[in-house]
Amino acid sequence: MSGTPRRPASGADSFHKPEPEIVGPGTPGFPEQEEDDLHRTLGVERFEEILQEAGSRGGEELGRSYGEEDFEYHRQSSHHIHHPLSTHLPPDARRRKTPQGQVRKPRRRPGATPAGETPTIEEGEEDEDETSEAEGPVSHTDPSPASTPTSVQFFLQEDEGTDRKAERTSPSPPAQLPHQEAAPQATKKAQPDALVEEAIMVSGGTAGGDDGGASGRPLSKAQPGHRSYNLQERRRIGSMTGVEQALLPRVPTDESEAQTLATADLDLMKSHRFEDVPGVRRHLVRKNAKGSSQSSREGREPGPTPRTRPRAPHKPHEVFVELNELLLDKNQEPQWRETARWIKFEEDVEEETERWGKPHVASLSFRSLLELRRTLAHGAVLLDLDQQTLPGVAHQVVEQMVISDQIKAEDRANVLRALLLKHSHPSDEKEFSFPRNISAGSLGSLLGHHHTQGAESDPHVTEPLIGGVPETRLEVERERELPPPAPPAGITRSKSKHELKLLEKIPENAEATVVLVGCVEFLSRPTMAFVRLREAVELDAVLEVPVPVRFLFLLLGPSSANMDYHEIGRSISTLMSDKQFHEAAYLADEREDLLTAINAFLDCSVVLPPSEVQGEELLRSVAHFQRQMLKKREEQGRLLPPGVGLEPKSAQEKAFLQMVEAVGAVEDDDPLRRTGRPFGGLIRDVKRRYPHYLSDFRDALDPQCLAAVIFIYFAALSPAITFGGLLGEKTHDLIGVSELIMSTALQGVTFCLLGAQPLLVIGFSGPLLVFEEAFYSFCRSNELEYLVGRVWIGFWLVLSALLMVALEGSFLVRFGSRFTQEIFAFLISLIFIYETFYKLVKIFQEHPLHGCLASNSSEADGGKNTTWTEAAPTPGHGNTSSAEQAGVERPQGQPNTALLSLVLMAGTFFIAFFLRKFKNSRFFPGRIRRVIGDFGVPIAILIMVLVDYSIQDTYTQKLSVPSGFSVTAPEKRGWIINPLGEEEPFPVWMMVASLLPAILVFILIFMETQITTLIISKKERMLQKGSGFHLDLLLIVAMGGICALFGLLWLAAATVRSVTHANALTVMSKAVAPGDKPKIQEVKEQRVTGLLVALLVGLSLVIGDLLRQIPLAVLFGIFLYMGVTSLNGIQFYERLHLLLMPPKHHPDVMYVKKVRTMRMHLFKALQLLCLALLWAVMSTAASLAFPFILILTVPLRMVVLTRIFTEREMKCLDANEAEPVFDEREGVDEYNEMPMPV
């Protein structure tokens, strides 16, 4: 911009006439003196010089093009320095004021710069320059005594005429004021290009007056009700200055001066002030740690010191967004009403019912996003605003709107009044207490924001904002230094239930964003402001919950504007709830950073065509496309080169990123990684897990662990009773409930004390039951002692485990793919279902249904006598167990026994299955549903036992449980088994041949234990103390081998019970956004729960009398329940359903979308072939070898299937996509997580 001042239209247009009534007495000839001063200051000769200089420039300078030589000349010349227009006014009109009693410090000059380079200044110095320009323009001419007046008077006092007359008549030099005498004389002569000498404040009289030495004398005598002139007014434009207070303004106002300028001149001024022309730049600014200069210019008013406060570190937080719209209440009074909120997803307030709707993904119109970007590009952006209250923020926002010409000066009061209206929320009317949402304006006035002594209750409304009254800005500045006033008694209240419930869903340390949008008719065009506070503060009566506010967005405008304010408010709210955008908003230094973040958001947005959607199925591709866009967004964020995007700006952020990179570079401690040394994996397990041994007991001091003990006890006792009862049936009571309970207790206690992963639950499982049945059949057919053979199997079992651990063979579990696991799980489920109906059919054969006979009394009695003679039945025989009738043949042909057994079996199954479904239903609160669903099996057993107990005249076979600490059949065996034989010597060849069944048992234990440990140790579960594959395997197998000496069972890690145990000890974050999946906060990794569960299971022998009341038909129902529920989550079972579906109804899963249907059916056919082969082996005398056939499916998958299917098809058909299940989705629970048998 040229340094030539613009020509005003006329003196009458540019200056205000003095008020004659203010002229003090004793000042005759005052108008003539004033006229002389005007002619001397800005005479006609001066304007002619200005016009000649402007004419010499003419249009040729405006129309010419600049080259590199001009740019170089610009850098080397004084034109490179920014001069405001006021610097070209007469010297006496642009003096800089200095309060009395202070001395102008010499200007500190930066170091010399090499020739030809643009001097670089520090950011703080640039702020100092801007503050100096704001407070008063400076002159770059050398001051001289002849041309520099002694004082500058901005406002005339009553005795100004007398002072001026004295200055005219007296030839003596002007009197020195006290602060001038203290200044060294050499300072005025040094540095010819320094700032002008300090201006002298008018003291109302001569220097030698009565109060000439007073330092606090104001510039003018303030009239009653007015405040004195303050430098803060320099922030306003000239047309807003209180000119009515001045008798003789020396500087024309902006409006009157702008009327005399041509359009080209105005454009040139705007270009110089606001644009950044390449090649013609100002001084380079070196960023330092003092903070952003923009925050000084836009965020807050300049204080008394030119230095800005250091910028507070902006660490991104989680956000809570609230959308408030300006609406009318039932009394037709305007108020801010909450219409939507965002924690992660959008929740809208339903207009009719005033309640919150369901959370959903916000759908935005593309036009609203474009309008939002346009308003942000041209609106007011205040970053790092240093305010603590809503009125203070509102004042700053309104001032910035006036300065940026978004609103007129006369609209200031209306906009401010609108910002301070009452805020209402949907939960307010539900509270039966004192309303908390009091108007911020009135409440702020009552609590001391305006300390006026008048009777006005609302200064914002009743008092003018400019002139005539004390300005609120001074009060806001004073308020910063005072502690916040305490609210009156009766206003504060405790948090309501609604607030507490909502606060649980908001993440900890979250900061809020308040969005205010609405229509106001007093504005002629929309106005916008985006505010980021320096520090998050709680604004009273604004949000529905006490969350500190960091961001505010304001959009007001007339209804005639072609703009949907509601949609723009939803757009900025959705942007602030987006993770990437709100991080960019925290780290933004200027407006361009926000615009760049909006563009990045638009790049990943999906636009739907304006076509009618008939059903939700048509929108499936949208979700898939959105996931692809998000994946691409994440990849681009990882691939950004240094210097691109939002880089860390502080040392703390850089150090944090370096730490994250260092942690990511460290190789994960894979427990299955081989060391190459004998027992190397076992040693690593011990070193990894045992240092946390003491913490495993300290971490159990939590109420959640006690609840987990009760739940897991019933979860472990039910299978022990079920499998024990079935084992007693299979082995003729050689091993039954008593032995299984003792095995579970002893091995469970030992494993919880010494194991590496105490979250595993040791128990009996379906595959081991199948093996025990097969081995018992083998021994019985070959006339071998079953229990003695188990002792030698246990011996070889321990040797096999030692060899496997020494060779670090646990890594072989990685080769067991989903192909093998699903065949294994499906086989065990089929066996469970088959055995249930086989037992039920057997009951119907033993107790057939009786036909209806004419004379059924005698025949029935005869039949009754022939079948019950040895049983000696009593009226209470229905409640006796088979153990009490040892050695007595069980009754045969009992009436109604088969029907009652069917009812008990079906009832147990359906109750347990229904309660499992009820857990994820929508009835009752979630906590009640989970308790009922988790205890579904014990509840089903209890209900059916009560049903059976109530029917006394019908016989049912009961569970065989001994009294006290005893084996199931004391007449057949004892607690210690002789390895050489009980009744006869055990064959030596069988001692050696027991190695083969030992290997088969080891395969089963290895697969179940290691796969269960893999599932528990998934990264998604966020376990911190690690696992130990080698140590756990050695402990479980060794304990099983030793227990065989006592006739007890070997156990394995039970998959379903272990996953249930881990889920019960998982602490989920309560701060879960509505509609979002729960996140794991921590897992209570400790040993106490498993230890207590094992002890309680062992003590269950004390309740033998209660266990003897359980009918076997009830256990068959639990057996059926385990078989059916194990099918969930098996893709093989789900793909069988696709055979009966047309392709258009196939689910939208990976193995359907990426693999052709015929190829998918071919893979399924191969699995069916392997399953049929295993079933055939199980049905023959070679059923003992079924684990060997099962393990052959591993090389089949690795060698044969890879030649039939492509690598991509195998990844889709044999991928392990199961993830930990923690949320409550209908039909989904822990059974869907694992393709393993129960």
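Placed from the backbone N, Cα and C atoms, the Cβ positions cover glycine too.
If you look up Swiss-Prot, you'll see 37-49 (among others) marked as compositional bias 'Basic and acidic residues'.
Here Swiss-Prot flags 58-75 (among others) as compositional bias 'Basic and acidic residues'.
The compositional bias 'Basic residues' annotation in Swiss-Prot covers 76-85 (among others).
Taken from Swiss-Prot, the feature compositional bias 'Basic residues' applies to 94-110 (among others).
Under the heading phosphoserine, Swiss-Prot lists SER132 (among others).
The annotation compositional bias 'Polar residues' is assigned in Swiss-Prot to 141-154 (among others).
According to Swiss-Prot, the phosphoserine annotation covers SER144 (among others).
Marked as phosphoserine by Swiss-Prot: SER170 (among others).
Taken from Swiss-Prot, the feature phosphoserine applies to SER172 (among others).
Swiss-Prot lists SER239 (among others) with the feature phosphoserine, giving similarity to another entry as the kind of evidence.
Annotated compositional bias 'Basic residues' per Swiss-Prot: 280-289 (among others), in sequence order.
The feature phosphoserine is assigned by Swiss-Prot to SER439 (among others).
Distant neighbours of the transmembrane segment (705-728): 735-741, 744, 761, 763-765, 769, 772, 835, 934-935, 937-938, 941, 959-960, 968, 1049, 1054, 1057, 1060-1061, 1064-1065, 1084, 1086, 1088-1090, 1092-1093, 1096-1097, 1100, 1107, 1110, 1112, 1115, 1118-1119, 1122, 1238; these residues of the same chain sit at least 6 beyond its ends, with a Cβ under 8 Å from one of its Cβ atoms. If you look up Swiss-Prot, you'll see 705-728 (among others) marked as transmembrane segment, on the strength of sequence analysis.
Annotation comment: Swiss-Prot describes 734-771 (among others) as transmembrane segment, evidence class sequence analysis. Within the chain carrying the transmembrane segment (734-771), a Cβ under 8 angstroms from the stretch's Cβ atoms is held by residues 685-686, 688-689, 696, 712, 715-716, 719-721, 723-728, 786-787, 824, 828, 831-832, 959-962, 966-969, 972-973, 997, 1000-1001, 1004-1005, 1008-1009, 1012-1013, 1016-1017, 1023, 1026-1028, 1031-1032, 1035-1036, 1039-1040, 1043, 1047-1055, 1057-1058, 1060-1062, 1065, 1083, 1085-1087, 1090-1091, 1093-1095, 1097-1101, 1107, 1122, 1178, 1183-1184, 1186-1187, 1237-1238, all 6 or more beyond its ends.
Annotation comment: Swiss-Prot describes 791-813 (among others) as transmembrane segment, evidence class sequence analysis. Long-range contacts of the transmembrane segment (791-813) within its own chain (CB-CB distance under 8 A, at least 6 residues past either end) are made by residues 672-675, 678-682, 775, 977, 979, 986, 990-991, 994-995, 997-999, 1001-1002, 1005-1007, 1010-1011, 1014, 1029-1030, 1033-1034, 1037-1038, 1040-1045, 1050.
Proximity of distant same-chain residues to the transmembrane segment (823-844), defined by a Cβ-Cβ separation under 8 Å and at least 6 residues beyond the stretch ends, is recorded for 726, 729, 766-767, 770, 897-898, 901-902, 905, 957, 1007, 1112-1113, 1116-1117, 1119-1120, 1122-1124, 1126-1127, 1130, 1132-1133, 1167, 1170-1171, 1174-1175, 1178, 1190, 1193, 1235-1238. The transmembrane segment annotation in Swiss-Prot covers 823-844 (among others).
Recorded stretches compared: 898-915, 931-951, 985-1007, 1088-1133; the one with the most Cβ pairs under 8 Å to the transmembrane segment (1033-1054) is 985-1007.
Counting Cβ pairs under 8 Å to the transmembrane segment (985-1007), the top-ranked stretch among 898-915, 931-951, 1160-1196 is 1160-1196. Across the residues of the topological domain 'Extracellular' (845-897), the predicted structure has a mean pLDDT of 53.
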